[in-house]
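Trainee: After the structure tokens below, expect a handful of questions from me.
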Amino acid sequence: MPPEEGCDASVILESTTGKQDAERDSLANNPSLRGFEVIYEAKAELEAQCPQTVSCADILAFAARDSVCKLGGISYNVPSGRRDGRVSLIEEANQNLPPPFFDAKQLEDNFARKGLSLDEMVTLSGAHSIGVSHCSSFSTRLYTFNATHPQDPSMDPIFARDLKTKCPQNATRILNDPTVPLDVVTPNRLDINYYNNLKKHHGLLTSDQTLLSSPSTAEIVRNNARDGAAWAKKFAAAMVKMGYIEVLTGSQGVRTFSILVDTLCKEGMLIEAEEVFDVMIQRGIEPNIVTYNSLLDGYCLQNKMNDAIKLFKMMVEMGCSPDVFSYNILINGYCKSKRIDEAMCLFHEISNNKMIPDVVTYSILIGGFCRVERPQAALELFHQMQAYGQHPNLQTYANSLPTKGLQDDVRTYPIMIKRLCQEGLIDEASELLEKMDGNGCSLDDRTYNTIIQGLLQHNETSKAMELVKIMVDKGFSAYATTVSLLVDLLSANLEDKVLQELLQ
């Protein structure tokens, strides 16, 4: 059920006036809501390790995430940064938490007030796959449903008969009020059996069974019952969304919302990320550069470049200046789409805006030119970045490896091979050497010595000796450093005929 006062942990606050006037004392929460000691223990441990850092609201959100993972195997990321509420009013719970006798329309309206859709309401109701209910919450369905039907006709008669053996007719919230599992089949497993129970008319609460009875929600129930994986994904997304309902954050809350947008984009939940972004705007919380970049990256990851450019323009109009990282995101998106000319326009725009392209910018573009088989342009960028003091990194080399043609410059090969060897990427260096030979580019003594030294330094003796023989057969000589390494091998009794011939 959606939180009554927002995600601020106000539900754990106790009444202090001698009256039962806090949320936890409402009929909706007491005595059903338990486990407060778990939150208290976690808070005490965290305070001992990092005082005044982690809120109870965050602990509750983390505990919910971990419970969902343990009981259902469903994983999702939870952003932090919530602040704790200091006010807890019983009327908030009574007004906001849906009672067990609500019908589908009432449930829909209740969840809508918290920004949750009809599908999200039905999806989150699947949480009733675990837990228990007091008999008093559904006893009217068994004994006093209405004047015509003492027993609810939407309940399976055999299921009702079994419940009557556990729930006496005189059950009240104060006396003689046993509990029964909400899901009698898998009571300790969060799964789609809840929806299968509804199809069998084994829903315990009126608010459960109404989801199958109502035309607006029946098909959602059937879909969830058919596809557990799809339901689990929707459930995770809905839990994340519910976790920022009326959340209390810092002075403006932009950090928490930005983290949430980034998390959703990385999980591929772009629609949900857009919804969070819209909520920020509606609440007057101004997105910052982190928020915009996260959503830009989300669009580019799903190849929605038109949406990305639209957001980029909005960002500028709102007075948030793009940084190099913003441009890199868009350039990468264009390069992956093989729209290299548009990527280059953004590249020139960086300089026009008095910013300096970094090694990531160049590496992305080099890969982009390789992707569209324009190796000469890639080579020009490769040399340009070095001329401007940007030293190639592993991404630069990795981007250039797949394309035939970029390596046709004999000056570039040894540089790439040497760097790969230095990073221990011997297989990649060997692959590059093979590509160079296969592309008809002549191998010189520098290239051979570079990779032989790399192989010897990483104990790839057999491969090194094979190349030594090839190098000797082609009339090339070993450099002093190479000879020194070979001598070390010889002194370690790793004698080899080829090695001896070379040293002679």
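Numbers here mean position along the shown chain, with the first residue as 1.
Using N, Cα and C of the backbone, Cβ positions are placed for all residues, glycine too.
Where the annotation comes from TrEMBL, it is an automatic prediction and has not been curated.
Owing to the predicted nature of the structure, the values given are computational and were not obtained by experimental measurement.
Annotated domain 'Plant heme peroxidase family profile' per TrEMBL: 5-253, in sequence order. Taken from TrEMBL, the feature Ca(2+) 1 binding site applies to GLY6, ASP8, SER10, GLU23. Sequence annotations record features per position, and here TrEMBL assigns substrate binding site to PRO98. According to TrEMBL, the feature heme b binding site maps to HIS128. Sequence annotations record features per position, and here TrEMBL assigns disulfide bond to CYS135-CYS167. The feature Ca(2+) 2 binding site is assigned by TrEMBL to ASP183, THR186, ASP191. The repeat 'PPR' feature in TrEMBL is assigned to 253-287, 288-322, 323-357, 358-392, 409-443, 444-478.
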Trainee: Under an 8 Å Cβ to Cβ limit, what residues of the same chain, 6 or more beyond the ends of the repeat 'PPR' (253-287), are close to it?
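Mentor: Answer is 76-82, 115, 237, 240-241, 243-244, 247, 294-295, 297-299, 301-302, 304, 315, 318, 320.
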Trainee: Report, as numbers and ranges, which residues of the same chain sit near the repeat 'PPR' (323-357): CB under 8 Å and 6 or more residues beyond its ends.
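Mentor: That would be 289, 292-293, 296-297, 299-301, 303, 305, 308-309, 312, 315, 364-365, 367-369, 371-372, 374, 385, 388, 390.
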Trainee: Identify which of the binding-site residues GLU23, ASP183, ASP191 has its Cβ surrounded by the largest number of other Cβ atoms within 10 Å, counting every protein chain shown.
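Mentor: Comparing the binding-site residues GLU23, ASP183, ASP191, the most crowded Cβ belongs to GLU23.
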Trainee: Around the Ca(2+) 2 site (ASP183, THR186, ASP191), what further same-chain residues have their C-beta within 8 angstroms of the site's C-beta centre?
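Mentor: Sorted by sequence, the hits are SER129, ILE130, VAL185, PRO187, ASN188, ARG189, LEU190, ILE192, ASN193, TYR194.
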Trainee: Compute the C-alpha separation of the residue listed as 'heme b binding site' from CYS167 (disulfide bond), stating it in Å without decimals.
Mentor: 19
Trainee: Using DSSP, break the repeat 'PPR' (323-357) down into helix, strand and coil residues and give each count.
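Mentor: Grouping H, G, I as helix and E, B as strand yields 26 helix, 0 strand, 9 coil.
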Trainee: Around the C-beta of HIS128 (heme b binding site), how many further C-beta atoms are within 10 angstroms, looking at every protein chain?
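Mentor: There are 23 of them.
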Trainee: DSSP says what for the repeat 'PPR' (288-322): how many helix, strand, coil residues?
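Mentor: Split by secondary structure, the repeat 'PPR' (288-322) comes out as 26 helix, 0 strand, 9 coil.
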Trainee: What average pLDDT does the predicted model assign to the repeat 'PPR' (288-322)?
Mentor: 92
